[in-house]
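Student: Relevant sequence annotations retrieved from Swiss-Prot are reproduced here:
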- 2-117: domain 'Histone H2A' (DOMAIN)
- LYS7: N6-lactoyllysine (MOD_RES)
- LYS9: N6-lactoyllysine (MOD_RES)
- LYS18: N6-methyllysine (MOD_RES)
- LYS116: N6-acetyllysine (MOD_RES)
- LYS123: N6-acetyllysine (MOD_RES)
- LYS123: N6,N6-dimethyllysine (MOD_RES)
- 128-179: region 'Disordered' (REGION)
- THR129: phosphothreonine (MOD_RES)
- 144-159: compositional bias 'Basic residues' (COMPBIAS)
- SER169: phosphoserine (MOD_RES)
- SER172: phosphoserine (MOD_RES)
Amino acid sequence: MSSRGGKKKSTKTSRSAKAGVIFPVGRMLRYIKKGHPKYRIGVGAPVYMAAVLEYLTAEILELAGNAARDNKKGRVTPRHILLAVANDEELNQLLKGVTIASGGVLPNIHPELLAKKRGSKGKLEAIITPPPAKKAKSPSQKKPVAKKTGGKKGARKSKKQGEVSKAASADSTTEGAPTDGFTVLSTKSLFLGQKLQVVQADIASIDSDAVVHPTNADFYIGGEVGSTLEKKGGKEFVEAVLELRKKNGPLEVAGAAVSAGHGLPAKFVIHCNSPVWGADKCEELLEKTVKNCLALADDRKLKSIAFPSIGSGRNGFPKQTAAQLILKAISSYFVSTMSSSIKTVYFVLFDSESIGIYVQEMAKLDAN
């Protein structure tokens, strides 16, 4: 009641306030009615529309903020909004025909045509010659296998092998796809075309341009990955590592060095000294380790690189934390390096826990 006895004037509550959204529900209802005069518009239609637009706006702003942070900028610009949309598969599909003013363009860069201006972030071996390529069989030689696979069993076997090889190379953009003894469990495409693939296999059998070997300052090869590579590469691989240790000296934390992949399907092995969990700035150093490995691969113009789960073995990183940091480092590297020669990054895993974590973290990579 007012002082004169009349009713107190009540303030009108807007439709947006009633629905609990910020975007103007009443205005959207007018726009919908204006464009569709023949149809009956439900009360919930503008509310749902406002909620969806509000969610999309918040999502784009969050991703644009991440892009600005990765580019070390303190203000979000239209360029960052364009990068945010392009880096999210669903948003990119939704806003494919939309032009963002002052956002620039996403060039289709061929790394082979660009001069390398950025210096290496890790220590390099002076001169490394990759192992000689295997001699191809002459076309005159007859293949007895073709004769032996006659009948239903042979046809069934060749069909099964064909399916395996198709599944292996379906999403790969590299010239040398991995061998048949593996399974691609998940694939993620980044906005500049690079592909991330979770692979269940033995890392020593992966036919990529480079494989990553987590080690220590003394190039120790007694860990899980090192032992596997030593078993496959044999004496030549061990001698190459010893020679690298002699030339390079102790490997600093987060540092990386490369040697030839003697006895391995991979041309090169990138040795990296990852930090120990609990050490000072260990998370930052793990990201730096991954970026240094990628930088070495770029310096050699390699197209594919295979990572194990760095840091989650003897160095004690929780598997999920290690996966998050590694994926974040890779995504950040490709955002800041527009001229990368790397087309495919493999995550070579063997245990179900690591596989599940990487598949899960890769699925929400854009949101992070």
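All residue numbers here begin at 1 and follow the chain in the order shown.
The backbone N, Cα and C atoms fix where each Cβ goes, glycine too.
Let's see these features in context: how buried, what's close, how far.
Tutor: All chains included, 10 other C-beta atoms sit within 10 angstroms of the C-beta of LYS18 (N6-methyllysine). Under the three-state DSSP scheme, LYS18 (N6-methyllysine) falls in the helix class.
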Student: Take the domain 'Histone H2A' (2-117) and average the pLDDT across it for me.
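Tutor: A mean pLDDT of 82 is what the predicted model shows over the domain 'Histone H2A' (2-117).
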